[in-house]
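Data block below; observations after.
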Amino acid sequence: MQFFAEASCLCLRRRKTRSPSPRWDRSHSPIPRKRRSSPSPRRQRRRRSRSSTSSLINNSRSPSHGSEQNNLIGKQRKEEEEKKRRQKEAELKLLEEELARRVEEDIRKNVEEHLNSEEVKNEIKHRVEDGIKKLFDEVDAQLLKEKESALKEARQKVEQERREREELDRMLEENRRKVEESQRKEAQEQQQKELERYLELERIQKQREEALRRKKIEEEEERVRQMKLLGRNRY
C-alpha cells in the first residue's frame with residue numbers, strides 16, 4: 001500500500017544523519033565553462049604585480065578583519081543550515097501527520113470491514129448468546145444461593161424461636177413452681193396459724209369450762225354447806 005511505502009521512506013530519512021548543506025561544487029555545475037586562451041607574458045607580469053600588491057594590502061590589514069568576516073560567513077551559513085533543518089523538520093512533521101491520518105483511516109476501514117463481515121457478526125452473535133446464557137446461569141446460581149441462604153436463615157430463625165420459646169416455657173414453669181411453692185408454704189403457714197389459733201381457742205374454751213365447772217362445784221359445795229347449816233339451826 002502507498003502509506004507503507006511512505007513510512008519506509010520516512011524511516012530511511014530518519015536514519016540518515018543530518019549534515020550541513022554541501023557547498024556548491026563548481027566542477028559539477030551544468031553550465032559549460034568557456035575555455036580561455038593562455039595569457040601573454042605582459043598579462044602575466046601585470047597579474048603577478050596585482051597579486052603581489054593585493055597580498056601586500058592583505059598583509060597590511062589587521063587579522064581581526066578577516067576573523068570577523070569568517071565569523072559572519074559562519075553565522076550566515078549556520079542560519080541557512082538552521083533554516084533548512086527547520087524546513088526539513090516541518091516537512092517531516094507534515095509527512096508524519098499525513099501518514100498517521102492515512103494509517104488511522106486504513107485501520108478504521110479495516111475494522112469496519114472486519115466488523116461487517118459475516119464471520120465477525122456470527123462471532124459477535126455467538127459471544128452475545130454465550131454472555132446472555134452465562135448471565136442467566138449466574139442469575140440462577142445467585143438466586144439458588146440466595147434461596148438456600150434464606151432457607152438456612154429461616155431454619156435458624158425457627159430454631160432460635162424454638163429455643164426462646166423453650167426458655168420462656170422453662171422460665172414460666174420455674175415461676176409457676178416458685179409461686180406454687182410460695183403458695184403452699186403460705187397455705188401451710190396459714191394452716192399452722194389457724195391450727196395454733198384453734199388450739200389456743202380450744203385451750204381458752206377448756207379453761208373457761210374448767211372455771212365454770214369449778215365454780216359450779218364451789219357453788220354446789222356452798223349450797224350444801226348452807227343447807228347443813230340451816231339443818232343444824234332447825235334442831
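Cβ from N, Cα, C; glycine included.
Copied over from TrEMBL:
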REGION    11-88  region 'Disordered'
COMPBIAS  31-50  compositional bias 'Basic residues'
COMPBIAS  51-64  compositional bias 'Low complexity'
COMPBIAS  76-88  compositional bias 'Basic and acidic residues'
REGION    150-192  region 'Disordered'
Query: What are the DSSP helix/strand/coil residue counts across the region 'Disordered' (150-192)?
result: 43 helix, 0 strand, 0 coil
- request: List the helix, strand and coil residue totals of the compositional bias 'Basic and acidic residues' (76-88) as derived from DSSP.
  value: 13 helix, 0 strand, 0 coil
